[in-house]
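*Asks:* Got a structure for you, written out below as structure tokens; questions coming shortly.
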Amino acid sequence: DGNTVKKLSIDLPDSAPVATTGRKDSWSLGEGQAPEDVDKPIDNPPLSTLLIERPQSGTVTVGDITFAAKVEAKDLLRKPTVKWFKGKWMDLASKTGKHLQLKETFERQTKIHTFEMHIIKAKDNYAGNYRCEVTYKDKFDSCSFDLEVKVESSQAIDIRSAFKRSEGQEDAGELDFSGLLKHNQEHKQQDDTPEVDVWEILKNARPDQYEKIAFMYGITDLRGLLKRMKKMPKEEKKSAFAKKLDPAYQVDKGGKIRLIVELADPTVDLKWYKNGQEIRPTPQRYIFEHKGTQRIMVINNCSSNDDAAYSVVAGEEKCTTELFVKLPIKIVKGIEPVKTTVNERIELECEVSEEGAQVKRMKNGVEVPTGVRSRYRVKCEGNKHYLVIDDASKEDTGTYSVMASGGTSEAHVQVDKPLKVFQDLQDMTVMLGQPIKLHCEIFPGNVPGRWYRNGQLIQPSDRLNIIHRALEIETSSLHDAGDYTFVPEGYSQSLSAKIHIIPPRVHLESLNFPDNTVTVVAGNKLRLEIPISGEPAPRVVWMKGERVILDSGHRVHAETYGDQTSLTIEVTEREDTGNYKIVLQNEAGEATASVKIKVVIPDPPEAPLVPVVGGDWCSMTWEPPKYDGGSPILYFIERKKKQSSRWMRLNFDLIKETSFEPKKMIEGVPYEVRIFAVNAIGVSKPSEPSKAFTPLVTSEPTMLVVDDVTDTTVTVKWRPPETIGAAGLDGYLVEYCIEGNDWVLSNKEVTEKTKYTITGLTPGCKILVRVKAINKAGASAPRTLQHSVLVKEVVEPPKIRVPRHLKQTYTRKVGETVNLVVPFQGKPRPKVTWIKEGNPVEPSHVSIRNTDCDSIIFIRKADRNHSGKYEMTVQVENHVDTAIIDIQIVLPGPPQCVTIEDVWGENVALVWTPPKDSGNAPITGYTIQKADKKTMEWFTCIEHYHRTCITITELVVGNEYFFRVFSENMCGLSELATQTKKSALIVKELQMKIPEYSDHDFKEPPKFTQPLINTFAVAGYNATLNCSVRANPRLQPKVIWMKNKITIFEDPRYRMFSNQGVCTLEIRKPSPYDGGMYTCKAINDLGEAQVECKLEVKGFTFFELMQRGVPLHLIDKYMNESKIV
């Protein structure tokens, strides 16, 4: 039954042989024997068991059949991906339609995905090998199955009547078997048996005789006959091979491959070929073996040169195969040993040379299970592969290995029980010669262990004693310093500590000086005492630079006694400033330290400040030096011009005050001043110069008046001072005072404007205002109002100041923008309203924005509805002012109808009616245009025409015209124009006698003016053949293309063009099979001509032809022909 679902479960044993190709979905082109390798076992790539029910091979007799695959979804987070293939790589997802359907279902109760492939009305060409692939994340499973389609044997028919073409039938290539049987039954009633058995004649005839035999027996459907002949079973000749080579083999680089054939007759001579060259046996490379009827060729140590096409010839018969040499997968980075404890996470990482490669993971020589319920997880990220154990146990201890085709990596994993540590080893720092004792407490307490120093095992000695988990050293030495480790037996955990032997040391921290810098006043005595330590007592050397300070020095000498050393300078001088180095040496090592001594005189004062600057004087102040050297400080001052480098002393008598007033300076010139401190020790360095200052004189502001008064603010304005100093004016300060109170500064920041508003005032109070001018010299004398100001706002009646262009009607065209600004005045701030024809203006149609002094009306895109009179009202308390703005939006419409009244000579009379809509403005005229019917390009005949009828003159005789009319008003032309429905043809009658001429006969037979050229083409890239032919008439010559003297007819791989006598044949993606002699023949009534050329196509290998989808029978035919050639 064709509708029965075929199901089959297939168990794949671990020892199943691997196919010859290294693809994940293994494939084979025949039933040949896989290559055997006795020296190196071939591992099978692991498949995940995703399929719980696999599709089963089936047989159908031209009907429907269904294949089903089932996947369990209990451990899957999402739906798996399923693909159906026919052959090796034909994805059937793109072939669904009338004869193929793919369905997916999911049963929620059982949690099983069912995937079905339904083939409807299977034909004999549907037979073959199919494959189902299931993928989910890094899991993969596949299953192959076969479909066999049986065709019912046809009864004997009368071939002559069956393949006669019916009337009006163009092509009977596809034979209708049901109609053929009916026709055959009717024919049997008339004639029971055919007179001649044409089938036998055709079977025994050569293919080039088929057309002659069909013509002889009245068979007109030659194409249907050929298709029928192809479907007939052929009598197979007895082959010399009992078993041929597989179509393809694959071997790893460096491996061994065995090519095996079986002969039907063992006495037949056999020869092996590689790429057409005969192979001679060699002891190391090619070995020929004979086992009964089997003939074996062994290729040892395969390399990339062995990747070729091989063939074996037995008598006159030949079979071929393709050998692919695959590079081995190498392990770039191997797994590393791991030591851990129970319940920890283990992650073994390795890196291979190729992404997506298959690797095998082993534990103690047994493959690690990686199923859904396995405690081992596998992760792949590009070239990196991971084996993860989330919760390690004692049983996970062992040797793990990763195997690839090009190498193996292994490492040991040790999982121990956790060790409890009650007391860990402690780091110690001891003096040289002191005892050392290390001790730890662990559980269980009876666990023995070993001690290591710097990774080397420690053995007990006279000075070193080991008691269980304690290590004791009586007298420490320099060799005892290092890292100590205690390793309990049977555990991977260890305890560590570090022993440090103290070398000699200089204790500079006892000085309590910042940055180890000692500061002393010149002339005083300095004695530094610094503690030192070290066993045995170190030798001490003091140095300044490269000079050693001796114990016998007079002014400077060093001493060492007990646990300290000292440096003494009897009278310090400025030259004693510098870095002093202390060097300590003994058997434990060497230590160095540095001390910086700084001999000082009084510090310079800070940079002086200049708070007040006058016309030719200034006042300056400064702070005393931070350090005075223990003696009273006096000062002297210097001054210079900023652009000069020469300083001038101002006071020859020293002063003790910290302020001074320099005088006799030039106005407008910038100056700088600095200070020197002097005491009994000496003169200090100069202070930093002050900021540059300029003596300036500025008068008070002028014409101070009140500009505005409100309930809480007063606005005043003034003019700049009459006299301004050389450096200009920085700004103004405004002050005010309420009668009877002090002055208050209104602006904390200087304002540069000559107008200012005082805010935050109390209504009804009276204030006085004054203004000061400010520059670098300070504030000028103030300018004060003569009278006090009452803080109370004055009411000002509103007044609308309509612009002149708005006093008349404001006209705009439809679609334009309207933006009108109407200023007004009034106090306090007036209230503004807009009304159009008695109704408030809609904000959605017209935007209105009001400020203190104007109102803006804005229309983004004007429309006819915006036309009208807008009334603006401004109100302050009881005072009101109004204004009317007349806005008119205009656009004329086109005339209603334009007709052609009369056509005579070169003249046309037009009449039209005025437009129905004048656009809110009177029509001022019309514009008339004409257009030739051939080009329909419009040209203006006349503009600003006032009447509704016109006569257009001076038209071109023989042309046909259309006319259109635009209306016009004060805003311009209408958007559309009215066009005449009919055209006007300008005709002029002319009488002339046409002379009679005899026609010249230009006919000629075909002649090729450019022949074909021999061409070399590359397989897979389109090739073209070109030639040119001349004949008259041009359309009469028939062009025929032939390949090897056989006409090319409706072959989709060829495209033929003929344009202006240039003939082109395009060959789409040619293969070597398309090479040969090509001929172009041109025929007309006067004769024929032909040219030819040779086309050679560079060939492909068997694998490249398979990748390009060439059918197997064509590949076999091409390979046989190429070998013979």
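Cβ coordinates come from backbone N, Cα and C, glycine included.
This is the feature table in TrEMBL:
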| type | residues | note |
| --- | --- | --- |
| DOMAIN | 328-414 | domain 'Ig-like' |
| DOMAIN | 418-496 | domain 'Ig-like' |
| DOMAIN | 504-598 | domain 'Ig-like' |
| DOMAIN | 604-697 | domain 'Fibronectin type-III' |
| DOMAIN | 700-794 | domain 'Fibronectin type-III' |
| DOMAIN | 798-886 | domain 'Ig-like' |
| DOMAIN | 894-990 | domain 'Fibronectin type-III' |
| DOMAIN | 1006-1096 | domain 'Ig-like' |
| REGION | 1-45 | region 'Disordered' |
*Asks:* Find the average pLDDT over the domain 'Ig-like' (418-496) in the predicted model and report it.
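*Replies:* Averaging the confidence scores along the domain 'Ig-like' (418-496) gives 81.
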*Asks:* Looking at 504-598, 604-697, 700-794, which one has the highest count of Cβ pairs under 8 angstroms to the domain 'Ig-like' (418-496)?
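*Replies:* Selected stretch: 504-598, with the most Cβ pairs under 8 Å.
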*Asks:* So, do the domain 'Ig-like' (798-886) and the domain 'Fibronectin type-III' (894-990) meet, by the test of 3 or more Cβ pairs under 8 Å (sequence gap 6 or more)?
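*Replies:* Contact criterion met.
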*Asks:* Can you count helix, strand and coil residues in the domain 'Fibronectin type-III' (894-990) using DSSP?
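*Replies:* When I sort the residues of the domain 'Fibronectin type-III' (894-990) into the three classes, I find 0 helix, 51 strand, 46 coil.
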*Asks:* Using DSSP, how many residues of the domain 'Ig-like' (1006-1096) fall into helix, strand and coil, respectively?
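*Replies:* With helix first, then strand, then coil, the domain 'Ig-like' (1006-1096) has 3 helix, 58 strand, 30 coil.
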*Asks:* Please list, for the domain 'Ig-like' (504-598), how many residues fall into helix, strand and coil according to DSSP.
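*Replies:* Helix/strand/coil tally for the domain 'Ig-like' (504-598): 10 helix, 55 strand, 30 coil.
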